[in-house]
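Worksheet: the structure to be examined is printed underneath.
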């Protein structure tokens, strides 16, 4: 909304007040006066929806204070003192008092917080998060301020406030804005917190914050941060190898900022489906929705006050137990820059490692706020799943037996050696090995390393099968359409196409998409990262070429048959 100053009467230079446009109310422009010497911005600094919603909330808190606001007003804090656009940047003492008063009011009226109170508290947190870090404050003062900050943040992400975030979405970009405020606060004040200690923890019921200083010269050790409970399975770690790499770069010490938030449903659970970027699907079932069902955990590494991007491993416990639905865990992080309305969940740079005992382990090549999303799929009964597996196994066994029998016939009967029989044998071997691996893949799913190997071999031998089918087509072309290439040269070309080309495709695919090569739940190519096209693309090419070969061979055969028939027909 534009805000600017216009002189009431320019012909009277002695006039000291100017008319200021303050926005619209009930369809009418609203004006006030201000000293003409004040410089006001001409360009809009906020959207219309933001301006109107903020104005409405501010007037509501001022004219009809909520129980929380009434409690805060008893300590001398008003809505105007926090929400007014003309409030200057406040000092440490005033912000600290504002936090303390807000904390006391929250503790008294925790269950009566309204959406407008949450908007007020977000402004309080924003002021505290942007406090300048001056060295004339003791660690105890900073820790006290941090505890008040965390207590207020805890109340905002409480389960009781889940339904209230949507009503203030124009002015607060969801509960992840609370997490962003916590990050800003601890980033600004971390060196004051670590003034004379190596580790500081600040905790509340739903939040755990740890600031830890590590001297790399003492030896590279893995850095692990876990949730508040002993034996908690919500953990994030930076490997010793990464710490050693920092030391090799000449960095002597680092500061680790770790946070954990337990209030899962409040942080992101809504009625609508969670959006993911990029879209995630395993392709085996139709996805119904995606939900956040874990704590949110984060780790930030600072060296000399500068952010260092590092790879992390994290394990998060599932909060859905014994669900009757099909659930697929998705490793994700909150990207504040993903969308203009506050960000969104993204999977870029994150890889699924394993899932067991209602927890999932992930690897991400960067540091930020991580969580575990579960994709919920349509449910197939145990009988349906078992039936499909049995039919697949029976079909694979029948196919394998037929291929083995064919190979035995080639050897036992003593078929004369030729390029045609050689091509047939190679095709049979490729198909037989692929079918054997397909049967074994069900048992390999329990071991990630074995499953990786089976996926690579399946990719290779199924590709080889189709490549030898291509060779079959080229061989037929050479016999019928006639290509002037010697048999020895043809066989060398056939071996390159049948075995060499699949090896090249598999190696290139592995090199380009190592982190996204294998699907999470089964031993086959990852459908969600488009790696499947490293198989489907060559297959479509083979089918297209063989279709052309078939058409051309049929045309030549028909033409040849007509010529023979014409020659054999007695002339009249």
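Every residue, even glycine, has its Cβ placed from backbone N, Cα and C.
Curation plays no part in TrEMBL annotations; they are all automatic predictions.
Note on the domain 'GAIN-B' (198-380): mean pLDDT across this stretch is 77. Feature annotation from TrEMBL assigns domain 'GAIN-B' to 198-380.
Per TrEMBL, domain 'G-protein coupled receptors family 2 profile 2' is recorded for 388-572.
Beyond the transmembrane segment (390-415), the same-chain residues lying 6 or more positions past its ends with a Cβ under 8 Å from any Cβ of the stretch are 421, 424-425, 428-429, 431-432, 435-436, 438-439, 442. Per TrEMBL, transmembrane segment is recorded for 390-415 (among others).
Among the features that TrEMBL reports, transmembrane segment is placed at 427-444 (among others). Among residues of the same chain six or more beyond the transmembrane segment (427-444), those with a C-beta under 8 A of the stretch's C-beta atoms are 389, 393, 396-397, 399-400, 403-404, 406-407, 410, 450-451, 453-455, 457-458, 461-462, 464-465, 468-469, 471-472, 498, 522-524.
If you look up TrEMBL, you'll see 450-471 (among others) marked as transmembrane segment.
Sequence-distant contacts of the transmembrane segment (492-512), counting only residues of its own chain at least 6 positions beyond either end whose CB sits under 8 Å from a CB of the stretch, comprise 419, 422-423, 426-427, 430, 456, 459-461, 463-464, 467-468, 470-471, 474-475, 485, 531, 534, 538. The transmembrane segment feature in TrEMBL is assigned to 492-512 (among others).
The annotation transmembrane segment is assigned in TrEMBL to 532-558 (among others).
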